[in-house]
Amino acid sequence: MLKVLIPTIMLFPTIWLTSPKWLWSTTITHGLLIALVSLTWLKWTSEVGWTTSSLYLATDPLSTPLLVLTCWLLPLMILASQNHIMPEPIVRQRLYITLLTSLQTFLIMAFGATEIIMFYVMFEATLIPTLIIITRWGNQTERLNAGTYFLFYTLAGSLPLLVALLLLQQTTGTLSLLILQHSQPLTLTSWGHKIWWAGCLIAFLVKMPLYGVHLWLPKAHVEAPVAGSMVLAAVLLKLGGYGMMRMMVMLDPLSKELAYPFIILALWGIIMTGSICLRQTDLKSLIAYSSVSHMGLVAGGILIQTPWGFTGAIILMIAHGLVSSALFCLANTAYERTHSRTMILARGLQVIFPLTAVWWFIANLANLALPPLPNLMGEIMIISALFNWSPLTIVLTGMGTLITAGYSLYLFLMSQRGPAPNHIMGLPPFHTREHLLMTLHLVPVLLLTTKPEIMWGWCY
């Protein structure tokens, strides 16, 4: 654990001491080295499930894929931000990269925490850098409104969780995951226990987000700069899923009866947010709503508490993290050139940027779950598990899959096909930097099709 955490912390002095000329190349190289070291976590040798480096930090096969995804994303975020942060004063550039690095530090400590209260503190700490990135480097004046939504939705959901954790500490005498996973199930019978159950899960359902408490997400995505959108879609939403997986183990007897309304909301949300995607005009807003739709499927898979549901959820979380981050990068490259996110104004780009159209095509096919990509594997496993739980769910999940295919093709056709409008002639060409960025997003997705057990090894 420390082999990644210490180099990440060492990135802070590197950012502030490097000469301005070498700032970007040094930080990206340092970030990539951390990402390469984190890949060693995937070689799983432990039989007991946990590999600890200290009493409070450990990795197990559930947190490992998410930790690697977190480390992989930092250099990509710095690479994606380079073009629009470079013109700013050097102190602001350093501050921006410092915020991204602090976010990675908090996320590593959140996913690696063995104490639930430490996980909670890091879960909340990720709010601060994200909020500063959205409100300081966002594009429009609505960014302050988006920041307020983001802060209050997340905090309102998280406070009941803190109370629930303190109650759990009082009841069991410990908050260590290592002990709680193997302890006797709690006897939960009274009304108070039902409220405690809701308190434990609502924070994570808001973070995922569940349909109904999702309004902060499209706002935050649309207003955030590209790195903010990437880290929100790729890792911060996954914190919700990870937290739910950890907590569901302890909430077992009550979940059988209390999970129904949440599963219904999650499945209904797949259809509703998919339908909203079909009539979006804003490029980033469409990708943001598609994230809500995919995470609804993940929430359903986790709430039914079967090995297949959990496995499908973690596969879909990893695959969605890479693909939605890639889509946000592509949306940003189009925005930097045409200065518009409205799809009607920035269409027909295939004629001007043919290679970028290939990236758009691959990212959209991955988003609509084309076989044999891990997106499809995750979706099929969750849909099968839900069908086994209740055959009626196939109506909702099947319609959701069709709508996903519809809006993915709509996104591709609107942004790439058709005649190029007269006002978008003379655009600056694509850079190698952007093609490298897309390669580093989509090649891992393609490679995961050859060895998917990296993601699901913890279940068996």
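Cβ coordinates are placed from backbone N, Cα and C, and glycine is handled just like the others.
Since this is a predicted model, take the numbers as computed values, not measurements.
Among the features that TrEMBL reports, domain 'NADH:ubiquinone oxidoreductase chain 4 N-terminal' is placed at 1-110.
The feature transmembrane segment is assigned by TrEMBL to 21-42 (among others).
Sequence-distant neighbours of the transmembrane segment (62-81) (same chain, 6+ residues past either end, Cβ-Cβ under 8 Å): 4, 8, 24, 27-28, 31-32, 34-35, 37-39, 41-42, 44, 96-97, 100-101, 104, 107-108, 111-112, 225-227, 230-231, 234-235, 238, 242, 245-246, 314, 317-318, 321-322, 325, 329, 332, 433, 436-437, 440-441, 444, 454-455, 458. Residues or ranges marked as transmembrane segment by TrEMBL: 62-81 (among others).
The feature transmembrane segment is assigned by TrEMBL to 93-111 (among others).
Residues or ranges marked as domain 'NADH:quinone oxidoreductase/Mrp antiporter transmembrane' in TrEMBL: 113-404.
Only residues 6 or more beyond the boundaries of the transmembrane segment (117-137), in the same chain, are considered here, and those with a CB under 8 A from a CB of the stretch are 56, 85, 96, 99-100, 102-103, 106-107, 109-110, 143-144, 146-147, 150-151, 154-155, 158, 161-162, 165, 169, 175, 203, 207, 220, 223-225, 227-228, 231-232, 236, 239, 243, 246. Sequence annotations record features per position, and here TrEMBL assigns transmembrane segment to 117-137 (among others).
Residues of the same chain lying 6 or more positions beyond the ends of the transmembrane segment (149-168) and with a Cβ under 8 Å from any Cβ of it are 116-117, 120, 123-124, 127, 130-131, 134, 175, 196, 198-200, 202-207, 209, 213, 215-216, 219-220, 250. Per TrEMBL, the feature transmembrane segment maps to 149-168 (among others).
Summarising the annotation, TrEMBL assigns transmembrane segment to 195-217 (among others).
According to TrEMBL, the feature transmembrane segment maps to 224-243 (among others).
Using a Cβ-Cβ cut-off under 8 Å and counting only residues 6 or more beyond its ends in the same chain, the transmembrane segment (258-279) has close neighbours at 194, 197-198, 201, 205, 210-212, 214, 286, 289-290, 292-293, 296-297, 299-300, 303-305, 386, 393, 396-397, 399-400, 403-404, 406-407, 410-411. Positions annotated as transmembrane segment by TrEMBL: 258-279 (among others).
The transmembrane segment annotation in TrEMBL covers 286-304 (among others). Beyond the transmembrane segment (286-304), the same-chain residues lying 6 or more positions past its ends with a Cβ under 8 Å from any Cβ of the stretch are 205, 208-211, 214, 217-218, 221-222, 229, 233, 237, 240-241, 244-245, 248, 255, 259, 262-263, 266-267, 269-270, 273-274, 276-277, 280, 310, 312-313, 316-317, 320, 324, 327-328, 331, 343, 367, 379, 381-383, 385-386, 389, 393, 397, 400, 403-404, 407-408, 411.
Cβ atoms under 8 Å from those of the transmembrane segment (310-330) belong to residues 62, 65-66, 69, 73, 76, 80, 221, 226, 229-230, 233-235, 238, 241-242, 245, 284, 287, 290-291, 294-295, 297-298, 301-302, 356, 359-360, 363-364, 366-367, 373-375, 377-385, 434, 437-438, 441-442, 444-445, 448, 452, 455-456, 458-459 of the same chain, restricted to positions at least 6 beyond its ends. The transmembrane segment annotation in TrEMBL covers 310-330 (among others).
Annotated transmembrane segment per TrEMBL: 351-370 (among others), in sequence order.
Residues or ranges marked as transmembrane segment by TrEMBL: 390-413 (among others).
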**Report entry** Same-chain residues at least 6 beyond the ends of the transmembrane segment (351-370) whose Cβ lies under 8 Å from its Cβ atoms
**Finding:** 290, 319, 323-324, 326-327, 330, 333, 376, 379, 401, 404-405, 408-409, 411-412, 415-416, 419-420, 424, 427, 429-430, 434-435, 438, 441-442, 445
Query raised in the report: Cβ under 8 Å to the transmembrane segment (195-217), counting only same-chain residues 6 or more beyond its ends: which ones?
Result: 123, 146, 149-150, 153-154, 156-158, 160-161, 163-165, 167-168, 188, 232, 236-237, 239-241, 243-244, 247-248, 250-251, 254-255, 258, 262, 265-266, 268-270, 272-273, 288, 291-292, 295-296, 298-299
Report summary line: Per the Cβ filter (under 8 Å) with a sequence gap of at least 6 from its ends, the transmembrane segment (93-111) is approached by 1, 4-5, 8-9, 11-12, 15-16, 20, 23-24, 27, 57, 63, 66-67, 70-71, 73-74, 77-78, 81, 85-86, 118-119, 122-123, 125-126, 129-130, 132-133, 137, 227, 231, 235-236, 239, 242
Query - Beyond the flanks of the transmembrane segment (224-243) by at least 6 residues, Cβ under 8 Å - result: 62-63, 66, 69-70, 73, 76-78, 80-81, 84-85, 96, 100, 103, 107, 110-111, 119, 123, 126, 130, 133-134, 137-139, 143, 146, 203-209, 217, 284, 287-288, 291, 295, 298-299, 302, 313-314, 317, 320-322, 324-325, 328-329, 332
Query raised in the report: For the domain 'NADH:ubiquinone oxidoreductase chain 4 N-terminal' (1-110), what are the DSSP-based totals of helix, strand and coil residues?
Result: 83 helix, 5 strand, 22 coil
